[in-house]
């Protein structure tokens, strides 16, 4: 008989693969941006939000915060690199005013992240407390990450076109959520259960 830990690992690996697909799903959008040499009406909000979300989940998965979370670290570490590449492309092909807003958002995220790491490591001395605090923060940023594409909804409604809201991104989000819910339920982890991206 297969134990729950093995099943959870297999489900987590499947979750990593699907999550990687989710992180890579905007590639056609970025090819278009590179080809046209402009971001046009695309918004950086989802990518900037996802960058911080991935950074927080990598921190959550660290052994000194939440032990035995290597699959959380691997996929969110990959997501961190991928989102950074997307944001770099956005910065290169954005006009000055949009570029300035992106830089301000990134600096704010770095400052926030450093403060969280410092406070958690110096004020909370058990993995149980650290997991709780970082987990709550991760859930809040998870909500922001999933809400950020809604900034595109105004454009979708205005233009009556889903051109700015890719279908594969939505489909992969759904599959991703289902797999990570199963993963979280196998070894009940309320924080991952509330964050369908591992």
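From the backbone N, Cα and C atoms, a Cβ is placed for every residue, glycine too.
Nonlocal intrachain contacts for the transmembrane segment (12-34), taken as residues 6+ away from its ends with a CB within less than 8 angstroms of a stretch CB, comprise 40, 42, 47, 50, 71, 74-75, 78-79, 82-83, 86, 89-90, 93, 166, 168-169, 172-173, 175-176, 179-180, 183, 197-198. Taken from TrEMBL, the feature transmembrane segment covers 12-34 (among others).
TrEMBL lists 46-64 (among others) with the feature transmembrane segment.
TrEMBL lists 70-93 (among others) with the feature transmembrane segment. Counting same-chain residues at least six beyond the ends of the transmembrane segment (70-93), those with a Cβ under 8 angstroms from any Cβ of the stretch are 9, 12-13, 15-16, 19-20, 23-24, 26, 30, 33-34, 37-39, 42, 44, 47-48, 50-51, 53-55, 57-58, 60-62, 99, 102-103, 106, 183, 192, 197-198.
The transmembrane segment annotation in TrEMBL covers 102-125 (among others).
Positions annotated as transmembrane segment by TrEMBL: 131-153 (among others).
What TrEMBL records for 165-186 (among others) is transmembrane segment.
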